[in-house]
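Novice: Pasting a structure below so you can have a look.
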């Protein structure tokens, strides 16, 4: 019997500890994966990959008590040596090795040259060898930045009085309805995977006023494009006591402002690795859907084919328009047509063909859909009837509105898409850890 | 066209703002849901429910410009009035109403008396009317504390150098294997819902050294007990470069210490509402599986029926033993039998019938399973073969180990169970927002 008393002190040092003042000249112990070995004869440079970055180690024949032939790339090791200054090494330091202890040896050579600065391979190969390709420092950095986005979302919303919730992903009915549902057998009852936490977060507005969730959503869409996934992480919030749907856009703007600052502060290293310039989010223009279509048609000579829908190319042009006219990478497009929005969307009392809703475009791609929801029971039942929908599977959701709900609205942000646009990638799979699409179910 | 420039300043005040120094005597505007109305004739107390707590408002006939008959419980309102001191009111303040503006009116009366201090109804009713029952201040507080637990988990692990990941929930093969899998059709291919992010987080240890995820997991178990759910939120982490599996237990102890401090600091209000005393986690005893069985058998006169399994009653007794012997609510039970652990568990080199693994019991209930994993490719293939398992669906996972993986291990914590034990609830559904079990698929 023994007692656990908290995190164990480690003898081995992390990169940030090596960089602490006063460490130079010390004998240090460091572990890591062998990223690359540059053998110069009697001297060799062994670069270790650690979570915070690369560490250069210098092997010297006769000095380092180890036979270099027994080391290979992708081995994991614990090394001991003297920490010294080195202008040319990453972070300006290197370790002059006295000892190398091998923790594990690879069985095969790597299928990808992960130690290259740019991983020069196809997207297919990157995804097929996901656990290897992400060992590349640039590939890995994308997902650190993605962490920062999600962290920013949560930290900002906590600060704004939101409560985090965890809603079920297996349900009886999808929030958006339609055919884009994955179906499964739930102990001999038909069930679906939720397309969105929509109905749950609305119900929780009556409890916590403001709620958010970061979790997976599932869409059985048969699209096979560069911007669609069949499973993605949705950053959702819903807030009560709004004066108008502008409150929601204002909150999203606040989230973006907070998150860009957080990235600048805590993810500067990764931004530099990927050479990312953060967009200015001090003010984001908002333009009506119909007006945006009109403006784009006029400026770029594109005919309006369907006044009630935005084609991907039109979205792209609205992005271009926002950049040219207001020097903004983001633009809110407001008052979407009712027929393109789900039953719970609040119609504009001024013109019921449109809704009190919006999309946020980032460099011409939709990354958010949001808006005000119907909070009146009778209005909700009317809308359901008009759409020919039944109450089945929605009973508790609908009942909630019989018992008093504040005016409210919210949004959902596609985490992978936001990351993709921020990093200037051209395929959402580049910023998805393990994508699920029409053809991809593994790894 | 207009610009969004960030979060909008609100005229209405939240409870913490009302309690700011210097506010007394001010004319204030507040919104909220009508929690209860106590009509005393010419005067009435209208209690508003807000996200931070209750606010007492005083209605006076002739003074308040509103007909009290037009107000009902569960209405949402925006009120104006003078903020005054009131010893007997919640938080020592009340608002003397001049105006009431109704934002929404309920259609029906509430099915549950949510304004009672203790919601005196069955678990079944609470779950059937989930969006209503959680409006009860005590019911709601449980999920604020749950938020604190998850927040503590993430904050602590960020601090310890872990990277947050988001892994897919639809996959080709379950991590634990067996029959407890929900199956679905994925574009005409057989797929499953993941029982755990296990295989993904291990693969990511080779990339980020330390990773964590908080997300849903799915178990098609046919148990219908007070402690089982078919979908729950798992708090998972995995860490590389460990010296032994004790590093993992030490990290979990650190998480518990951090989280108890966070709850004390930021969730004191909810702890008080639920009258929760936080457990002492300064040191947590660890005892071997076989020794624990022996000790419990001796002390409580219980015969050992199966030396390789723990029955729920034995778990309970080990909890009791830890409390009596070491005054601890927690106890790590170590070296679980190999046959009860999945293929990836590292066997104890001293005795291969046991593994380098552990469970953490909290007041006699398992809330965590963890341990060291096999990091050697050959050892992993050997174990698979011994279990008669095929490589199908595990290709990328297995390949990862050909290319160098550090010694590593991790754990999964059941969020709802940890909350349940912390709050002293006797059914895990009490601390699950929308439980999924054998009979419950809605709401």
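Cβ from N, Cα, C; glycine included.
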Novice: Could you tell me which of the ranges A:198-201, A:202-205, A:206-209 is annotated in TrEMBL as region 'Aspartate'?
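Specialist: Checked against TrEMBL: region 'Aspartate' maps to A:198-201.
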Novice: Kindly point out which candidate in A:164, A:270, A:366 is recorded by TrEMBL as part of the ATP site with A:219, A:220, A:221, A:227, A:228, A:229, A:414, A:415, A:416, A:417.
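Specialist: So, going by the record in TrEMBL, that would be A:366.
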Novice: Quick check on the annotation: TrEMBL has A:219, A:369, A:373 binding L-aspartate, so which of A:176, A:246, A:261, A:325 does it put in that site too?
Specialist: A:176
Novice: Within 10 Å of the Cβ of residue A:415 (ATP binding site), how many other Cβ atoms can be counted across all chains shown?
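Specialist: Around residue A:415 (ATP binding site), other Cβ atoms within 10 Å: 23.
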Novice: Compared by Cα position, which of the recorded positions A:90, A:176, A:373 is the closest one to residue A:221 (ATP binding site)?
Specialist: A:176
Novice: Per-residue pLDDT averaged over the domain 'Aminoacyl-transfer RNA synthetases class-II family profile' (A:143-443) comes to what?
Specialist: 96
Novice: Helix, strand or coil: which one is residue A:366 (ATP binding site) in, per DSSP?
Specialist: strand
Novice: Which residue counts does DSSP give the region 'Aspartate' (A:198-201) for helix, strand and coil?
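Specialist: In the region 'Aspartate' (A:198-201), the DSSP-based counts are 4 helix, 0 strand, 0 coil.
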Novice: Can you give me the same-chain residues 6 or more apart in sequence from residue A:369 (L-aspartate binding site) with a CB-CB distance under 8 Å?
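Specialist: Those within reach of residue A:369 (L-aspartate binding site), by Cβ under 8 Å and sequence separation of 6 or more, are A:357, A:358, A:359, A:411, A:412.
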Novice: Please give the maximum pairwise Cα distance, in Å and rounded to a whole number, for the L-aspartate-binding set A:176, A:219, A:369, A:373.
Specialist: 21
